[in-house]
């Protein structure tokens, strides 16, 4: 069931409400969002709900192993989903998702979240037990209500919950990418929610920030210094070595954070992981090559130079590709995309300008002196 009103998307996120009845009443029932009257069609099965906001005013209830949920929000178009997770992650979860179709018909279906692509979000699959006749979708006064009941074989205590909403109406039961999402743990014994620590958001940010700074900022600057500032000798050499070495250490820390992140969430992103390993391998070879550098007058020096230059360029190119891929698969917000895009644009413009100046200087130096 969707939460979005064009420009009202922010208001939707702020107004999104799930009402869940806990067996015992909750102290927040007097809040305005909890005191709002339910549509008459829902009163029989969902009246007297104890109200506990958990995210954007979502509220939950449990009684006799039957979880009764009402999800409400200001509505224009799109979908809203509430998922139950065993580990706090999207993959492997099951979610109840509702929306109003293009023909004005209500829809509420269960989805198995087997991956982050649309093809892996499978309709009418999942581990939640419910009856279709218990599902209700109602639109009243520009607000949509998604109501459903779930049966569990045990009494819920601490449960990982994930929530998300998208702004496009599903076509043929295919969900579009969410506009916003969250995860938390709900304690059904106390009716309180807490931030879900099962997903290592801090670790993900550290992995991304360290690698962007190392491979996307420091090392490209080090390469620029080596190619375009050789006239400042020997300062260029020390700057180049220092920047690349510090960048490699920071990048290595980013790789360690990535390995820890993978061990924790087992993310299925082989392309990103494979490219990361390849770039790290090239970086290690560059470090080894530094200690094996032949003397300037050695007959092997030209081969070493060829290898060092092209291995470095390959490493920086694939690192840039992998940073973009990582930002995408990591679900980073627009600030990451804009920030790295701006950084990449500045580097490319600088390289083009410096390369033009370099070739101009070479051209002047190679001009033959006229004979008299």
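Cβ atoms are placed via backbone N, Cα and C, with glycine included.
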Kindly point out the range from 174-193, 274-293 that TrEMBL annotates with transmembrane segment. 274-293
Using a 10 Å radius around each Cβ and counting other Cβ atoms from all shown chains, which of the binding-site residues 272, 308 yields the largest count? 272
Max pairwise CA distance, angstrom, over record-listed heme b binders 207, 240, 272, 308: 27
Would you pick out, from the binding-site residues 207, 240, the residue whose Cβ has the largest number of other Cβ atoms within 10 Å? 207
Long-range Cβ contacts under 8 Å made by the transmembrane segment (236-262), restricted to residues 6 or more beyond its ends, are 200, 203-204, 206-211, 213-215, 217-219, 221-223, 225-226, 229-230, 273, 276, 280, 283, 286-287, 290
The transmembrane segment (208-229) versus listed stretches 274-293, 314-332, 338-359: most Cβ pairs under 8 Å: 314-332
